[in-house]
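Heads up: the structure comes next, in structure tokens.
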Amino acid sequence: MDALEKGAATSGPAPRGRPSRGRPPKLQRSRGAGRGLEKPPHLAALVLARGGSKGIPLKNIKRLAGVPLIGWVLRAALDAGVFQSVWVSTDHDEIENVAKQFGAQVHRRSSETSKDSSTSLDAIVEFLNYHNEVDIVGNIQATSPCLHPTDLQKVAEMIREEGYDSVFSVVRRHQFRWSEIQKGVREVTEPLNLNPAKRPRRQDWDGELYENGSFYFAKRHLIEMGYLQGGKMAYYEMRAEHSVDIDVDIDWPIAEQRVLRFGYFGKEKLKEIKLLVCNIDGCLTNGHIYVSGDQKEIISYDVKDAIGISLLKKSGIEVRLISERACSKQTLSALKLDCKTEVSVSDKLATVDEWRKEMGLCWKEVAYLGNEVSDEECLKRVGLSAVPADACSRAQKAVGYICKCSGGRGAIREFAEHIFLLLEKVNNSCQK
């Protein structure tokens, strides 16, 4: 997360759930306020994503649960429907390409605002200098993958309808704080927010509000005065399970599990997967073919993948295999996977479509694991798609999930686990 030290106007604590006022002088409302006939103020979402992250190199586009990190917040911002424009400010070509793939516009960040010492405020001011049409900036942190559109919708309403100059996200925590011991200065610690003689139970204490770094919304005139927080300001309290911030490597596996359970996966409701189609060469196998002395072909697969297929079938998901190559019957029978298989397929999409209709399924109920250009159309068409880590670049660009495992090295088992987690989300949403 970019430094924010320059961007806050100091103010005293506010009562719980109440707005607080910052130090800047009384601010003029943005043009058009209170005039129903004038064009509403331009609210722009801005994600700052420079390429020089020190904690995790290029972390903004590192895959989290199969999706580039920045993709989670871009999806939420675009689907919120409250922004006139959604931008990514970056100095890196790869980040720019990913941002455009998700539908965001790109502001090329200057070298001056891409330094380790540069602050978020520096980059936002630069963005505003190039975009006079923008009246309000919603600075969304790329490192907060559990952000939901509903959070952004409510904050936009607070800014537009309730007249706040700035709104920032917080999370409620129940943590007791103690002063730091410093040799030669303070030899003992002191409680900062509790009486040790009367330690409250969690349920008897409201806790405290902490910034969680997910977003900072502010009006243009406030930012131009040098503040991200000030004027008539308020906090927006996010749910604890949605308050995820990734800074170092140790945060990554925790965030991955959290986003799979609590992340936002798009507007369309998840469907229960009923059919998984898997390409044989490069997905089930590693793509290598060995030929014995008697001219028989030999292929291998990972036992973990066989177990993954078995678990899918036990959960009621049909698993079928497909290949454009003419695999021999002896080779297929030797796999002992008991899956319907189609080989020498010139049009994989037509074959999968035929299977789908045969089972009475919609495309959203079909999953596909592929790795080649010939799989591209299937990957784009199905409800859930994935590729192994070593898939070709065109296949990778067509999917929503890229496995950590390579083909023939556990990719099917990994994708199966991903499917099970999504099915859990489907079941939970149905219960709600």
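Every residue gets a Cβ built from N, Cα and C, even glycine.
Values in this document were obtained by computation on a predicted structure and should not be read as measured data.
Per Swiss-Prot, N-acetylmethionine is recorded for MET1.
Annotation comment: Swiss-Prot describes 1-38 as region 'Disordered'.
Residues annotated as motif 'BC1 motif' in Swiss-Prot: 15-31.
Sequence annotations record features per position, and here Swiss-Prot assigns compositional bias 'Basic residues' to 18-29.
Among the features that Swiss-Prot reports, omega-N-methylarginine is placed at ARG35 (among others).
For ARG50, ASN60, ARG109, SER118, SER120, GLN141, the entry in Swiss-Prot reads substrate binding site. For GLN141 (substrate binding site), other Cβ atoms within 10 Å of its Cβ number 23.
Per Swiss-Prot, the feature omega-N-methylarginine maps to ARG50 (among others). Mapped onto three states, the DSSP output places ARG50 (substrate binding site) in coil.
What Swiss-Prot lists as motif 'BC2 motif' is 198-204. Listed by sequence, the residues of this chain that lie at least six past the ends of the motif 'BC2 motif' (198-204) yet keep a Cβ under 8 A from its Cβ atoms are 174, 176.
Among the features that Swiss-Prot reports, active site is placed at ARG199, with the record citing similarity to another entry. Counting only same-chain residues at least 6 apart in sequence, those with a Cβ under 8 Å from the Cβ of ARG199 (active site) are PHE176.
Sequence annotations record features per position, and here Swiss-Prot assigns motif 'BC3 motif' to 267-274.
For the binding-site residues ASN60, SER118, the ranking by surrounding Cβ atoms (within 10 Å, all protein chains) places ASN60 first.
Within the model, the motif 'BC1 motif' (15-31) carries an average pLDDT of 41.
Within the motif 'BC2 motif' (198-204), the DSSP-based counts of helix, strand and coil residues read 4 helix, 0 strand, 3 coil.
Looking only at the binding-site residues ARG50, ARG109, the densest Cβ neighbourhood within 10 Å occurs at ARG109.
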